[in-house]
Amino acid sequence: MRILGIDPGIAIVGFGVVDKEGSQLRPVQYGSIQTEAGLPVPLRLKQIFEAMQSLLETYRPDEMSVEKLFFNKNVTTAFTVGQARGVIILAAELAGVPVYEYTPMQVKQAVTGYGGAEKKQIQEMTKLLLRLKEVPKPDDVADALGIAITHAQFRAFISISEGVKK
């Protein structure tokens, strides 16, 4: 199964493509989509949408996992990131790729085994689990890989619950 993990943002969208074969995880590609700060938000959203369409076409993931929004301070930032998240999810929907969402706590739990893990711990475990030489930069990229790992870990439970619903 191929998973596209996404850490949404307006300035930087981290992405990580991971293949899961049995219990093995293999990184395929990872990086970021970056938009220029001075550009109007609609143009930045268009750039993110088009880049997402390209990623989805190039890597053809079976499923996509996205981090749920969690902001407790800056409401303006939350709205803008929410807009970016919307075009990201729309691109996946148009490509016929199912989207799964995870909270930051779920990511911490899946990657490190501890829901209160620090960012550095998550990044180091991501590096270890994917057998990378170093932690990917910027942080958004490492976060996206962590989100893909989270979906790989939760996938077995999703399959069981989907079977129950049928």
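Each Cβ is built from the backbone N, Cα and C atoms, and glycine gets one as well.
Model, not experiment: these values are computed from the prediction.
According to Swiss-Prot, the feature active site maps to Asp7, Glu67, Asp140, an assignment based on sequence analysis. Per Swiss-Prot, the feature Mg(2+) 1 binding site maps to Asp7, Asp140; the stated evidence is sequence analysis. Here Swiss-Prot flags Glu67 as Mg(2+) 2 binding site, drawing on sequence analysis.
Swiss-Prot feature annotations superimposed on the structure.
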| residue | record | DSSP (3 states) |
| --- | --- | --- |
| Asp7 | active site | strand |
| Glu67 | active site | strand |
| Asp140 | Mg(2+) 1 binding site | helix |
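Taking the Cβ of Asp7 (active site) as centre and 10 Å as the limit, one finds 24 other Cβ atoms among all the protein chains shown. Counted within 10 Å of its Cβ, the other Cβ atoms near Asp140 (Mg(2+) 1 binding site) come to 23, all protein chains included. In sequence order, Ile6, Asp7, Pro8, Glu101, Tyr102, Thr103, Pro104, Val107, Asp143, Ile147 make up the list of same-chain residues 6 or more apart from Glu67 (active site) whose Cβ falls under 8 Å from its Cβ.
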